[in-house]
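Record features, source Swiss-Prot:
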| type | residues | note |
| --- | --- | --- |
| BINDING | HIS243, HIS292, HIS293 | Cu cation binding site |
| BINDING | HIS370, ASP371 | Mg(2+) binding site |
| BINDING | HIS378 | heme a3 binding site |
| TRANSMEM | 18-38 | transmembrane segment |
| TRANSMEM | 66-86 | transmembrane segment |
| TRANSMEM | 103-123 | transmembrane segment |
| TRANSMEM | 148-168 | transmembrane segment |
| TRANSMEM | 186-206 | transmembrane segment |
| TRANSMEM | 237-257 | transmembrane segment |
| TRANSMEM | 269-289 | transmembrane segment |
| TRANSMEM | 312-332 | transmembrane segment |
| TRANSMEM | 340-360 | transmembrane segment |
| TRANSMEM | 379-399 | transmembrane segment |
| TRANSMEM | 414-434 | transmembrane segment |
| TRANSMEM | 458-478 | transmembrane segment |
Amino acid sequence: MKNLVRWLFSTNHKDIGTLYFIFGAIAGVMGTCFSVLIRMELARPGDQILGGNHQLYNVLITAHAFLMIFFMVMPAMIGGFGNWFVPILIGAPDMAFPRLNNISFWLLPPSLLLLLSSALVEVGSGTGWTVYPPLSGITSHSGGAVDLAIFSLHLSGVSSILGSINFITTIFNMRGPGMTMHRLPLFVWSVLVTAFLLLLSLPVLAGAITMLLTDRNFNTTFFDPAGGGDPILYQHLFWFFGHPEVYILILPGFGIISHIVSTFSGKPVFGYLGMVYAMISIGVLGFLVWAHHMFTVGLDVDTRAYFTAATMIIAVPTGIKIFSWIATMWGGSIQYKTPMLFAVGFIFLFTIGGLTGIVLANSGLDIALHDTYYVVAHFHYVLSMGAVFALFAGFYYWVGKIFGRTYPETLGQIHFWITFFGVNLTFFPMHFLGLSGMPRRIPDYPDAYAGWNALSSFGSYISVVGICCFFVVVTITLSSGNNKRCAPSPWALELNSTTLEWMVQSPPAFHTFGELPAIKETKSYVK
């Protein structure tokens, strides 16, 4: 009973962070299962495992996207690492609003249940994660499935907005003495920018899906041309949220990678201020490029020219970050421990994803590539090998701090190599499929595409072996037989750590700081 009360009513940022991690792991496993079902269906031409039920295929696609985005990456990155480490890194005793933190988490399980219900009632919600009308309208999806998905989004959106308010307040008001804004660790900066993006973009999504809800149930015509509405309005509203959302997913990863590259190169991050302002620029520009998802809906040519140019400009701050990471490693004594492997893998694969993004930014090219597997390849390189690699990197980097036990290094490296090989084998062939015109979200395809699809499906099976490896690592780390206690700083940073988390014991006390730490200097590494 005491344990139940501790976890149910917890107001401790570390406990809530741990809950977010557990939740993210569960949702991630579900999302992975759906993705494997998708790849099994696409392994060869013709109907494979779904018996010709093509609506079910689209339900799988939709559920896979929602699970991975709203219930895996966001809870783990912002809720997990954010809650665990933002207060510690800024020298705060806890979050600004501990009970708000609790409700932010507990809104997510009901939201997840609503999402799963939407896949299970009637014929499910086969709209894709974009939920475009008229397909999501009452005529095309007559049951309650889409309504359940909308309520699910509302709940997880409220959760994220409350969490954002909490992070913004905490970072602005609860920094320890001497912790100026320009001394904040980069992970804290990344969470701050992310919180602002969430706060500004989610209300727009809420408005769009509420209008969709009334269109479906109360006979309004916001998105119905018959009553003077316009389905393109929905697309504008959705992508005004949807584009900042993809930066919300990757920015905390940028912060994690900066910490890891710095630690394992044995030198401070190259161009700290440049890194900070690059993240802020990405955040601002992220709101100015949404219509590049809509080049095929008949936008004016001048509009397309603007969105092409603006999208390419986002590559500049992103490039600054990539080159700063490389410059940080340049001339350092690099240790290739598991977190560093994932970080280097992140930089390499995220760069490939970014380059295909530059290709897609060209409105002329995008008209040919829109809704093909080229787009799927692009955003999976950014997410499946960007956000997810950053999550794994952060896990291996901080797992000793969180649990107070060290992970098995060899097994961690095996996990990295299997995953690296698997995800590349899955998503690289998709570029070729897209360039030869294979459309997204279609469960069958001409025989000409069979070769690359077979390879891609094989890669996804390898990735699953990698995930299993990861859970073996977690099990071994947490098992009672693991006597390898973790030092306050497992990466030997006691003398020259530039961040606070390595100054406290592993795991940190229930109340991290007996007295607030005073920060004198954050830049120098003692050699």
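Cβ atoms here come from the backbone N, Cα and C positions, even for glycine.
Taking the features listed in Swiss-Prot, we show where each one sits on the structure.
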residue : record                 : Cβ contacts under 8 Å, 6 or more apart
HIS243  : Cu cation binding site : GLY286, PHE287, VAL289, TRP290, HIS292, HIS293
HIS370  : Mg(2+) binding site    : PHE295, THR296
ASP371  : Mg(2+) binding site    : THR296, PRO439, ARG440, ARG441
HIS378  : heme a3 binding site   : GLY353, THR356, GLY357, VAL359, LEU360
Within 8 Å of the centroid of the Cβ atoms of HIS243, HIS292, HIS293, which other residues of that chain place their own Cβ, given that this set defines the recorded Cu cation site?
TRP239, GLY242, VAL289, TRP290, ALA291, MET294, PHE307, THR311
Answer key: the stretch among 103-123, 312-332, 414-434 with most Cβ pairs under 8 A to the transmembrane segment (148-168) is 103-123
Reduced DSSP state (H/G/I helix, E/B strand, rest coil) at HIS370 (Mg(2+) binding site) is coil
Given 66-86, 186-206, 237-257, 414-434, the one sharing the most C-beta pairs under 8 Å with the transmembrane segment (269-289) is 186-206
For the transmembrane segment (186-206), which stretch among 66-86, 312-332, 379-399 has the most Cβ pairs under 8 A?
66-86
Under 8 Å, at least three CB pairs between the transmembrane segment (66-86) and the transmembrane segment (379-399) (pairs 6 or more apart)?
yes
At a threshold of under 8 Å on Cβ distances, which of 237-257, 312-332, 414-434, 458-478 pairs most often with the transmembrane segment (18-38)?
458-478
Would you mind listing the long-range same-chain contacts of the transmembrane segment (379-399), meaning Cβ under 8 Å and 6+ residues beyond its ends?
68, 73, 76-77, 81, 84-85, 246, 249-250, 252-254, 256-257, 259-260, 263, 337-340, 342-343, 345-346, 349-350, 352-354, 356-357, 405, 407, 412, 415-416, 419, 423-424, 426-427, 430, 470, 477, 501
